[in-house]
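Straight from Swiss-Prot, the features:
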BINDING   Thr10, Lys42, Leu75, Arg89  substrate binding site
BINDING   Thr10, Phe11, His18, Gly90, Val91, Arg92, Glu100, Tyr125, Thr126, Tyr127, Val128, Ala129, Ser130, Ser131  ATP binding site
SITE      His18  site 'Transition state stabilizer'
Amino acid sequence: MKQKAIYPGTFDPFTNGHLDVLERALNIFEEVIVVIAENCQKHALFTIEEREAMTREVTCDYPGVTVEVLHRGLLADYARQVGARAIVRGVRQVKDFEYEFQMSLLNRQLYPEVTTVFLMPNVKYTYVASSIIKEVAMLGGDVSKFVHPCVLEMMHQKREEQN
């Protein structure tokens, strides 16, 4: 039986830190579904369609990876629906862990068969957060070390649209 996991996030934008966690997940699971979720509590720079397109572009050469969009509903229900037994979460620092730990307990209550797997990215990505990358890029800073070239191009386009 193939081991399947989901890797959810808003991915606004999809960073090299996200990619690092995905690569680590692929060392454990045969199939990983990157789930792009809408989060009404966050102000997105990119539309969900743009985030889906960038994520598909970044991950297109990774066997075992698919990209899906979750417009609404509970992540635990989605995991059950697709037959995933694990939810992958990247944890960069203690603050991330505190939030993710609470979410993992809730998801386990909703879907007892699911396990949350916490993966730490390479140390060079521990300070890379989408919110920081967006801010630096929109102010004209160089974020090329932190995102795939297609994401960088999309960020340049967004900056031009806003100026």
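Keep in mind that glycine also has a Cβ here, set from the backbone N, Cα and C atoms.
Features per Swiss-Prot, on structure.
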residue: His18; record: ATP binding site; Cβ contacts under 8 Å, 6 or more apart: Gly9, Phe11, Gly90
residue: Leu75; record: substrate binding site; Cβ contacts under 8 Å, 6 or more apart: Ile6, Pro8, Val35, Ala37, Ile87, Asn107
residue: Arg89; record: substrate binding site; Cβ contacts under 8 Å, 6 or more apart: Tyr7, Pro8, Glu100, Met103, Ser104, Thr116, Val117, Phe118, Leu119
residue: Val91; record: ATP binding site; Cβ contacts under 8 Å, 6 or more apart: Phe97, Glu100, Phe118, Leu119, Met120
residue: Thr126; record: ATP binding site; Cβ contacts under 8 Å, 6 or more apart: Arg92, Gln93, Met120
residue: Val128; record: ATP binding site; Cβ contacts under 8 Å, 6 or more apart: Thr15, Asn16, Gly17, Arg92, Pro121, Phe146
residue: Ser130; record: ATP binding site; Cβ contacts under 8 Å, 6 or more apart: Thr10, Phe11, Asp12, Pro13, Thr15
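In three-state terms derived from DSSP, Val91 (ATP binding site) belongs to neither a helical nor a strand segment and is classed as coil. Counting every protein chain shown, the number of other Cβ atoms lying within 10 Å of the Cβ of Thr10 (substrate binding site) is 18. The maximum pairwise C-alpha distance among Thr10, Phe11, His18, Gly90, Val91, Arg92, Glu100, Tyr125, Thr126, Tyr127, Val128, Ala129, Ser130, Ser131, the residues recorded as binding ATP, is 18 Å.
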